[in-house]
Amino acid sequence: MLGKRGFLQYEVSNFARHGAVSSHNLGYWKAGQYLGVGPGAHGRFVPRGEGGVWREARTQTLEPDVWMREVQRWGHGTRRRVELSPAALLEEVLVMGLRLTEGISHQHWRRFSPGLELEQLLGCAELQELQERGLLILDTRGLRCSWEGLAVLDSLLPPLLLELQTHTRARSEPGELTTG
């Protein structure tokens, strides 16, 4: 119905007219950096002075009055800071990227996973079956869901994440993803 009105689906639950895609939300789905400012906000970014793709996740205090007191007292309202391991960041790239109709390009994947190709990720029989059933598509563009796959994305993620964890554990010391 939306297609007949000029709206195109570009993400599992988002549609837009040509040129009106939410660049704000694309930042989340493409593992971009973003700051969370204000009560309850969250952000993921490379802290100043840290190169590469290493990320830190920060969550702000939820309650506005408490957040304001913390800002006045300490200069910030950050409640929680978590260093994202390379493996955790790669999980986010996979989960969020597959929400997009364009999926994850090989180039984008390699930015976060220089030692593991998308082809290797789809090596197990269960994931090859998902490809054969037409739910996942791996080609020269990268990895994406078919229209049918997008409709059942939540059921595709567990075997993908399990396979990713298998590869990252096999290639890494605890908490680190090596580069091959």
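All positions are counted from 1 along the displayed chain.
Including glycine, each Cβ sits where the backbone N, Cα and C put it.
Just so you know, TrEMBL annotations are computer predictions that nobody has curated.
As annotated by TrEMBL, domain 'HemN C-terminal' applies to 84-151.
The residues of the domain 'HemN C-terminal' (84-151), classed with DSSP into helix (H, G, I), strand (E, B) and coil, number 36 helix, 12 strand, 20 coil.
If you average pLDDT over the domain 'HemN C-terminal' (84-151) in this model, you get 94.
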